[in-house]
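K.L.:
Okay, here's the structure, questions in a sec.
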Amino acid sequence: MIDITLPLTDIHRHLDGNIRAQTILDLGRQFNIALPAQTLETLIPHVQVTSTEPDLVSFLTKLDWGVKVLASLDACRRVAFENIEDAARNGLHYVELRFSPGYMAMAHQLPIAGVVEAVIDGVRDGCNTFGVEARLIGIMSRTFGEAACLQELDALLAHREKITALDLAGDELGFPGSLFLSHFNRARDAGWHITVHAGEAAGPESIWQAIRELGAERIGHGVKAVEDRALMDFLAQQRIGIESCLTSNIQTSTVASLADHPLKTFLEHGVLASLNTDDPAVQGVDIIHEYHVAAPAAGLSREQIRQAQINGLEIAFLSDDEKRALREKVAAA
């Protein structure tokens, strides 16, 4: 179902949600960190979703083992490099990797700005090695509160030229976007793009708030947008992208089944929705699965899947010249 004549993108992909089980095992042994299992086979159920989780917060606990083994900046650098290697193996031409430096630093009190630098270094080295194009999106983990998010923002701003956009992720219900207005004002002043996780656990009002008050140009997940016809019209007319993550939304119980997922409705309404993975290692999926298995199960036609692939580049945080160059590069391959 993937059109090989077009760039393949993944623009909603958490770097800290894509830490290989083998890497968790390796780093756990290297730093003498107690893990819930000592073999790859027995570790996987602890670090990967093997059935549907009851809610988003339960799903997020599966990510914790990955960051618990990040006991050094070199470990962060390794994980970043491996993210690009994984993207190359999946056939991705362009990826936007988002990461929460405070979350990655938390278990071992690493310097947050140092984590940002390590991720930048690892991604750069990976891109040079594997030929994938990548951009970095900094995440503020709302679950840890306004002050912690301010620390993350300061660390990201220390490397502002290497960061493309700012995101807000975590407990959407407990920590609404209205708490973070000043944070996003600073991000926009820095010239960054804005994307926000919204309409995943909360309703359409969360999406409206992200757009109107935080300046969101894209929305992560946004499944609840279908509950508000005026919002759907606004998204289409203003070309505000939706970063859809099919399998993830089932695993978090955000959507009951793939057949119920609103991606098809988004595309029919003219909303610029794209196909993405979210947390590939935790979910046990890759972008190929999303195109070949999840999208057809969600009722998308071949042409709609192709449109979602086109949308991925259309709403990417790249200049028109960069998009054109990527299209030409893929067409010539």
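Glycine is no exception: its Cβ is also placed from the backbone N, Cα and C atoms.
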K.L.:
According to Swiss-Prot, H12, H14, H197 bind Zn(2+); so which of D121, D125, D278, D286 is the extra one listed there?
P.N.:
D278
K.L.:
Swiss-Prot records H14, D16, G170 as substrate-binding residues. Which of D279, D320, D321 is assigned to the same site?
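P.N.:
Record check against Swiss-Prot: substrate site with H14, D16, G170, extra candidate from D279, D320, D321 is D279.
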K.L.:
Roughly how many angstrom lie between the C-alpha atoms of H221 (site 'Important for catalytic activity') and D279 (substrate binding site)?
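P.N.:
Distance (Cα to Cα, whole Å): 13 Å.
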K.L.:
Just to confirm: which same-chain residues, 6+ apart in sequence, have a Cβ under 8 Å from the Cβ of H12 (Zn(2+) binding site)?
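P.N.:
Those within reach of H12 (Zn(2+) binding site), by Cβ under 8 Å and sequence separation of 6 or more, are E96, R98, G220, H221, E243, S244, C245, S274, N276, T277, D278.
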K.L.:
Based on Cα distances to E200 (active site, proton donor), point out the closest of the binding-site residues H14, D16, G170, D279.
P.N.:
G170
K.L.:
Residues other than H12, H14, H197, D278 within 8 Å, Cβ to Cβ centroid, of the Zn(2+) site?
P.N.:
R13, G17, R98, A169, G220, H221, E243, C245, S248, N276, D279
K.L.:
How many Å lie between the Cα of H197 (Zn(2+) binding site) and the Cα of G170 (substrate binding site)?
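P.N.:
About 8 Å separate the Cα atoms of these two residues.
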